[in-house]
Amino acid sequence: MPIQAVSRPLALAVSLALVPLAAQAGSDDFTEALEMDFDLRELAPVSITGTRNDIREIPGSAHLVSRDEIEAAGYGDPHRMLRSIPGVYIQEEEGFGLFPNISIRGSRSERARRITMMEDGVLIAPAPYAAPAAYHVPTAMRMERIEVLKGAGGIQHGPYTTGGSLNMVSTPVPESRTARAQFMLGSDGGRRHQAMIGDSGDNLGFMLEAVDAGSDGFRRLDRAQRRGPNMAESDTGFDLRDVVGKLRWEPRNGDRHHSLELKFARSTREANETYLGLTQDDFGRHPFRRYAGSQLDQINTEHEQLSLRHHIELGDANLTTTVYNNDFSRNWYKLHDVWDGQGNPDFVGISAVLANPTEHSAELAWIRGEGGDARGKVRANNREYYSRGVQTVYQTWFDAAGWSHQLEAGLRYHQDEEDRLQWEDVYRMENFAMTRVLPGSEPGAVHGVPGSTTNRVTQADALAVHVQNRLRRGNWTLIPGLRYEDITIERTDFQAGEDPDRGVITGEREGEFSVFIPGFGAIYQLNPELNAFFGIHRGFAPTGASPDVDEEKSTNYEAGIRFVRNGVQLELIGFLTAFDNLVGTCTAASGGGCEVGDVFQAGEVDVFGLEAMLRYDLADVMDLGISLPLEVAYTYTNTELKSSFESDFSEWGDVSRGDELPHIPAHQLNLALRAVANDWQFRFAANYVDETRSVAGSGSIPANQTVDARWLFDVSGEYALNSSVRAFASVENLFDETYVSARSPAGARVGLPRTAWAGMRLEF
């Protein structure tokens, strides 16, 4: 049965089951619910940071966003959730965070392909080694917490160690009967519905969760045509549905505590999204416009995850072993290029058309729906992936040679694959409506057979080992560590055209990487409230099946202080990411202009920055009878390319020594203030991001390469109607700021406008 047929009734059924329970819920007040900390007994095997107290023992930058914080803000977009973490940069795209572009300390942001992304400590990108672009990211609104780990303390996690790791921890199996639900409606037909129920008995426990979310979209198609009987004419939004189930067996007898947990998750997404933005002039006139040429653009994805995790405590040691399998499929049918209809068919990429509208006036006219002799080509980016493996982590505590030791050793064997079987169709434009041109009926009309455009398979096989020891004596904590990655990535190209069965191999290539990744960190406790730390580690990223391209390498330094006293938490960190070889991969999402899959090298690049974070409850100095937690996060970043070169990679272009990297703002600031009473709370947040350039350069940024600086303000509030039912409302982008949020994949893109939400929450 299709997931669409299951998830909505399931969410409704779970939610209805909660209603009678609400009347029986206890009388714990609102502030007690907000102040509850995590029970890490179940989260420990899947967490990479531990509690906020544990973060003090990490020789580097580590942060988490808790469920309490996620719910207080009411966000569904992971980009917005990550704003509170310094050193994390976001490149917006479609306004909903469906396809996150995340950078950490200068790593490339495009599809978060240069950070290690995990769910419950398991690699979650579609094919983390062979094709790491994050076209699937777990639904953030169902997470128990989101963790970011940077620096030398994070080499346990890989393969991408330059920027750091992002781990999304899903809802655990509760220790006792627990249930909650959320029903929320918003602007532009928005909805965020969620329901969870779980319980544990003597030996068995379970958790079942469902999410149904979506929007009609905030961009407006030119004279939109109906796609189907149940779809709004101007629908540029998305539909998302998740179902997650966990079953845990945890025997209570015996000398050793151990547990076995089976997890199943399935997610489907349908988004009427496009790579097509606007020209600079059209953005100035109507920033929320969607060109007629994008009317058929739509991506459909399906993801299934199955994992089995065993955890056993062995006295002064524990062992966690996880077997996992992820299957993912997606087909993004979207406008790829346009031909002006003159002479021999010569199609021009949409990025080039929007960058040079005068030169490509006929192609732009077709995109705007004006018809003529021009033709547009729509590509079906049809791909299937798997990611599977087994990983085990052993931890033990002991004393030796006058030091206390916490030793961790891990092993992972992993396989993944990306299978591309793509095709293209040609369309004419008549009165703002696209009509497919039959193959062979005119010049340039291609045959839309799977594999006729791209027909290839990329596979990866990887063995990873890590060892890290945490040594403590007196005021010193030393953390040496070593990671080893042995990776083989193979790409096989098959004959494009009439060979969907792949009988003819047209090319093969292989990339092999065998690298040691050392790291060392140190913490010195200056007094009970203040410590100083330092870290250095090797950054690494594999570069695919490209035998003539070196892996991405860097040396990463950081030093900082942490201060904690009477509810005040202050952190100041300086960092330097010194790339020996920064690598970029050509993709359609990066703007095209090159052969998709080609790898480019920029050589040495320095990324220097300062991260600052403050958390403080203002109620300690203001006797108002309520809690006033304040959180401030600031990041300063300076980037510098150390050599001059010419590149076909659109993000770099012609580079001069001293140029800045694209998509890295010099300044970021996030402020969040909450007022929390017994039965209500209010949250105000302000976020500033400096202007950035979309192409490497220096000096003033050309108008057609500027991603706007902007202040965004969000507010939210909650009121407890009784001990288990709360009313919620929020407004994102309160002052309706209109700004260029990105210029890739193609053209100027607008950020999310003012969006209001209101709903109810049940929790007990």
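Including glycine, each Cβ sits where the backbone N, Cα and C put it.
The signal peptide annotation in TrEMBL covers 1-25.
Helix, strand and coil counts under DSSP for the domain 'TonB-dependent receptor plug' (55-164) come to 24 helix, 26 strand, 60 coil. For 55-164, the entry in TrEMBL reads domain 'TonB-dependent receptor plug'.
The annotation domain 'TonB-dependent receptor-like beta-barrel' is assigned in TrEMBL to 274-734. Looking at the domain 'TonB-dependent receptor-like beta-barrel' (274-734) alone, the prediction's average pLDDT is 93.
Sequence annotations record features per position, and here TrEMBL assigns motif 'TonB C-terminal box' to 747-764.
Counting same-chain residues at least six beyond the ends of the motif 'TonB C-terminal box' (747-764), those with a Cβ under 8 angstroms from any Cβ of the stretch are 15, 18-19, 21-22, 24-26, 33, 71, 74, 77, 92-96, 178-188, 190, 192, 218-219, 276-280, 283, 287-288, 350-351, 354-355, 710, 712, 718, 723-741.
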